[in-house]
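A short worksheet on the structure shown next.
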Amino acid sequence: MLRTMLKSKIHRATVTQADLHYVGSVTVDQDLLDAADLLPGEQVAIVDINNGSRLETYVIPGKRGSGVIGINGAAAHLVHTGDLVILIAYGQMDDAEARAYQPRVVHVDSANQVIDLNADTSTAAAGTAGAPVPNPLADPA
């Protein structure tokens, strides 16, 4: 049996561009791809922290050091410039590998530059938690 496990995650990246008319994918700064051990064409889930949207696509490399996180194609209807997102890649592995595997968790600053790289999936990097996202259903009183 294979288990599907978290392989890598880029946590709380800021979307820098959204291009509805591009053919698809997400453009990611090559430095972030390297830090997260993501390959061009690799499948990722994108979770939008601002609005709760979740989608799947594949990555294409962006200019190294640019901080680019570009949402391309139809996904630009769901994820917008300035939104905070989490990019997640999963891997399939056998039971023994899954029990020993350490994911790559990349924390970035507001300019999408790496500030922490570890395997801890439960702790935010210092100073990155930010203000809570407002609940649109909450009573404004």
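Just so it is clear, glycine is given a Cβ too, placed from its N, Cα and C backbone atoms.
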Inset, instruction - Name the one residue among T57, T121 that Swiss-Prot lists for the same substrate site as G73, A74, A75. - result: T57
Inset, instruction - Compile a sequence-ordered list of residues in the same chain as T57 (substrate binding site), six or more apart from it, whose Cβ lies below 8 A from its Cβ; state 'none' when nothing qualifies. - result: G24, S25, V26, Q43, V44, I46, N72, G73, A75
Legend entry - Set of same-chain residues at least 6 away whose C-beta sits under 8 angstroms from Y58 (active site, proton donor): G24, S25, V26, G41, E42, Q43, V44
Legend entry - DSSP-derived structure type at S25 (pyruvic acid (Ser)), helix or strand or else coil: coil
Legend entry - DSSP-derived class (H/G/I helix, E/B strand, else coil) of Y58 (active site, proton donor): strand
